[in-house]
Amino acid sequence: MKKIAIIGRPNVGKSSLFNRLMKKRDAITSDVAGTTRDVKRRHVVIINKEALLLDTGGLDQGCELFDKIKEKSLEAAKKADIILYMVDGKSIPEDADKKLFYELQTLGKEVALVVNKIDNDKLKDNLWDFYEFGTDAIFGISVSHNRSVNALLEWIYDRLPEEDIIKDEDEEDDVNIVEEDDEEFEFDDKEYNEEEEDDNFFYPEDDEDEEFEDDSIFAQNDRIKEFDETDANHIKISIIGRTNVGKSSLLNALLGEERSVVSSVAGTTIDPIDESMEYKDKQLTFVDTAGLRRRGKIVGIEKFALMRTKEMLENSNMALVVLDASEPFLDLDEKIAGLVDSNRLACIIVLNKWDIANRDEYDKIIQEVRDRFKFLAYAPIVTLSAKSHRRVDKLFDMILEIDKNYSQHIKTSELNVVLEKALRRHQLPSMRGQIIRIYYATQYETRPPKIAIVMNKPRGLHFTYRRYLTNKLREAFSFSGTPVLFKAKKRGEK
């Protein structure tokens, strides 16, 4: 049976979490206390798997507080399989906490950072500071307010073996398990003060069917995992461009059927048409949007079509920006492509009608695209003919690859290795004589990838340096076809 140790300073909520986990299942043993203080040990059931829970709470608060916590914590941690390191989310992270956490990671155990006392939405921003610990297994919770504990339970559950699943829960409910072979941890002669953690205790009512709401922002990482399990197989792709560039022809070529009406009359497609297909276990939903014209030419029902097109883009993951390679590019092409940028979509630039374009000027045409659409520099370019279906099949694998990039989550530790190298190569310029420091970076969202840069003076992150960091990230990771967004944030900023 796996052992789970709850470790941390006094008054961070260890006993509260211990009690919360115990309330999930009432298979309880009794504590025996004497001149030594026993580690509290209980059998618990996480969803339907058994585990042994260890609480190292109750360490005395002497002048050598943290040295004692470290000694006892490491002793308990060495005997555990899973370690929950708890900190106070209302306080700024301390170097001693980080140092101990790093030591716990060297034990080769499953270690999670549990940031307690995130009691309301205003306190959620406090989690940013704890990404300094360099772990992706971070959970912002409030035991006393019963917020976001469920995400932590699921993380623990995934690390418990299948053989620990309880086969007969009815029998188990009647069993009062007494733990044998309790290990004792010596204390100095100071008395244990249980009141240290009483303010954090949470004693729920007898509601066995109580639900745990997952609303944490740690969350960003937890939601990333949740998304990977549920929505990763569905990619929504909007086909956009000005009128008569061949969007409907491209949709038909992709589907292999005449799903969308094709005509030389500009604006044949009024209502966005969506069609789904399966490709390599992925569901691809293509949306043929209404062709967009210059504002002065938009009349009547086309106004509604434009509104629908914008709505579809807001709900899409990716855009195929269709350009007519046989004609000069227009300012309107740039404005339409700007919708991709404003919606932060993954993107492929499609040069259609390549069969009638001047292919001898390939390099010139590609360069013109890059010059006109600099804001889509991350987007690959595909030349094809929707009418003859030539090279259309190239799009499918490209879509899957780009969506993978768009959905990826870079580990905090890996991200900061790249950041450190970039900073060593080119230091941040000062701002009005003031030194600018970047502390760390962490990815907090996907689709698109969003990265927080935590620094002393966020306004000091010049756009040229931001571009430099973006380029370094693109060199280190696969971000082809996807924008990478940065948010400069001050340490401890709410």
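Each Cβ is built from the backbone N, Cα and C atoms, and glycine gets one as well.
If you look up Swiss-Prot, you'll see 2-164 marked as domain 'EngA-type G 1'.
Per Swiss-Prot, the feature GTP 1 binding site maps to 8-15, 55-59, 116-119; the stated evidence is sequence analysis.
What Swiss-Prot records for 235-407 is domain 'EngA-type G 2'.
Among the features that Swiss-Prot reports, GTP 2 binding site is placed at 241-248, 288-292, 352-355, with the record citing sequence analysis. Just so you know, the Cβ of Thr289 (GTP 2 binding site) picks up 28 other Cβ atoms within 10 Å once every protein chain is counted.
Annotation source Swiss-Prot lists domain 'KH-like' at 408-492, citing sequence analysis.
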TODO: Please report how many Å separate the Cα atom of Asn11 (GTP 1 binding site) from that of Thr289 (GTP 2 binding site), as a whole number.
DONE: 57
Task: Residue among binding-site residues Gly241, Asn244, Thr289, Trp354 with Cα closest to the Cα of Lys14 (GTP 1 binding site) - done: Thr289
- [ ] Pick the one among the binding-site residues Lys14, Ile118, Gly241, Lys247 whose Cβ has the fewest other Cβ atoms within 10 Å in this structure.
- [x] Gly241
TODO: Write out how many residues of the domain 'KH-like' (408-492) are helix, how many strand and how many coil, based on DSSP.
DONE: 31 helix, 22 strand, 32 coil
TODO: Have a look around Thr56 (GTP 1 binding site) and count the other CB atoms within 10 A of its CB, chains all included.
DONE: 24
